[in-house]
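Participant: Quick one: the structure is below, questions incoming.
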Amino acid sequence: MSTIKKTAAELAELFASGEASAEEIAREHLGRIRAVDGDVKAFLHVDEDNVLAQAQAVDARRAAGERLGPLAGVPIAHKDVFTTKDMPTTCSSKILEGWQPPYDATITARLREAGLVILGKTNMDEFAMGSSTENSAFGPTHNPWDLTKIPGGSSGGSSAAVASYQAPLATGTDTGGSIRQPAAVTGLVGMKPTYGGSSRYGVVAFASSLDTPGPMARTVLDAALLHEAFSGHDPMDSTSIDRPVPPVVEAARRADVEGLRIGVVKEFGGDGYQPGVLARFREAVELLESLGAKVVEVSCPHFGHALPAYYLIAPSECSSNLARFDAMRYGLRVGDDGTRSAEEVMALTRAEGFGPEVKRRIMLGTYALSSGYYDAYYGKAQQVRTLIARDFDAAFEQVDVLVSPTTPTTAFPIGERADDPMAMYLADLCTIPSNLAGNAAISVPCGLADEDRLPVGLQVMAPVLADDRTYRVAAAVERALQDRWGGPLLAQAPDLTEAVK
Amino acid sequence: MPDEHAATGSAEERASGGAITRDEVAHLARLSRLALREDELDHLAGQLGDIISAVARVQEVAAQDIPPTSHALPLTNVFRTDEVRPGLTPEQALAAAPAAEQQRFKVPRILDEEA
């Protein structure tokens, strides 16, 4: 019996019933990693002995009669932005190469406590800055649907690992779309919770007012189970919301949209959108209507300014956050020859340790925060942020959720936008507003574009703390489309050549 | 003493979306503590100019009376009880240090020769 194509919910059931041990499940997933990750390159770090030791410990806990969480025994791929005390944490940056953190992120600790088995750390755009995983200092990850295409980013190692059946679940972080966009372009479910709904403690900071950890999975229910497993108030994160986790698993099981009011964002469509993306999106909207939802068009007039506001706010926060990489206490140190000053060593180290996109963003943020430019750039961007939040507030007075395509295009070729930052930034056009306003948003597969037979994502946005509503809609779409397709969208992905068997 | 954190050049010219000068990029690199090579500065000058021109669009819509938002959700200060909790040992804290000596981080000189 192979377990690699099973959902997390199915694996958890096999473990709970005693039909499979955590070790058996882990061994099969390690075998899959060995077979396909030479081509996909989703993982930066896999230590098989460590994985098997974790799995054996979970089996021992079950044998001892411990009550374990609903995902106990299930393997997970963990984005390399979360600290792990038993694995390196690099954020795909040379400046942190080989860094072994002395503590676990809250989310890491909660995965362990719930009995999940962490298979390894996944590749990403350096410090989560990018939409293709090409900004990794350790080489790009490849999209399992077409190895010449990007897997999205910044959580592209996580998306590729789950889409190629190396893991049923993965963690991601979403600052401007870094969970939803990679999920969309690899045919997965990816969810950005309400800001503050998931802990940032131990998540290496990029833009602190935007960074949001969230789940990635092959089904809506699996994403909801993971969401519930690692969410909830964390005293170690002062922006963590001290309220009950929204009932996301119940919503994913409910999967109905009868009577729900759904708004189509008027501003997201037209020029710059791939025809195949728009066609699948329109079909998804018609499907929702046929399932009993009331669909109306809603205007969010300032969403067109979300992208420029984001590319001032996120770099500004990044320039401040990444000042910690100063070559003094941890990480890389370059040029310390006994004659150079600390400042010189710092500047040499940062020039050597950071890649081009990180440098661009640090300098852009430094510019936007400079006296003389602050009001014209950072200040104005913060005002636009208010306007975006007001657009959402007005929209959610008329409708329960908003929908749009997750991304304007399907996965693009590796290399195509690598040195064209403005083209790369457009990948996050539709996802950024929810980061600026902090509300919940999910991406769920809605088919393949006719032009290239690559996955298209439907984005569902809900108000702050109404995370369950996004799962309800996504699960209804998933169920109806799987009935139409006769199975999950990923079943249509080409088989990866298993080099070693 | 000049403000080190001020950008160079005319604010009006830049705020209207003009391309950033190479000198300005070199100044930003110094402020950012990035010892960039000449070719990196050349390449970045063009790219940063394009990005700054594009993001300057925020100036089109934000009128004076709109309050700024720094954070998606309202923030309130968070207190916790002041009690002793386990922390890192000195060995753990220094384990990843590029250099350490006598239970301390060892760093390059922090004062200039002439200081």
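Along the chain as shown, residues are numbered 1 onward.
From the backbone N, Cα and C atoms, a Cβ is placed for every residue, glycine too.
Taken from TrEMBL, the feature domain 'Amidase' applies to A:24-469. Look at TrEMBL and you will find A:Lys79, A:Ser154 tagged as active site, charge relay system. Per TrEMBL, active site, acyl-ester intermediate is recorded for A:Ser178.
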Participant: How many other Cβ atoms are found within 10 Å of the Cβ atom of A:Ser178 (active site, acyl-ester intermediate), counting all protein chains shown?
Facilitator: 36
Participant: About how far apart, in whole Å, are the alpha carbons (Cα) of A:Lys79 (active site, charge relay system) and A:Ser154 (active site, charge relay system)?
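Facilitator: Pair distance, Cα basis, whole Å: 10 Å.
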Participant: Name the secondary structure element type, per DSSP in three states, that contains A:Lys79 (active site, charge relay system).
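Facilitator: Where A:Lys79 (active site, charge relay system) sits, the three-state DSSP reduction gives strand.
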Participant: Can you tell which of A:Lys79, A:Ser154 has the least company, meaning the fewest other C-beta atoms within 10 angstroms of its C-beta, among these active-site residues?
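Facilitator: Candidates: the active-site residues A:Lys79, A:Ser154. Fewest Cβ atoms within 10 Å: A:Lys79.
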Participant: Please report how many Å separate the Cα atom of A:Ser178 (active site, acyl-ester intermediate) from that of A:Ser154 (active site, charge relay system), as a whole number.
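Facilitator: Rounded to a whole number, the Cα-Cα distance is 5 Å.
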Participant: What does DSSP say about A:Ser154 (active site, charge relay system): helix, strand or coil?
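Facilitator: The three-state answer is coil.
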Participant: When the pLDDT values for the domain 'Amidase' (A:24-469) are averaged, what is the result?
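Facilitator: Per the prediction, mean pLDDT sits at 97 for the domain 'Amidase' (A:24-469).
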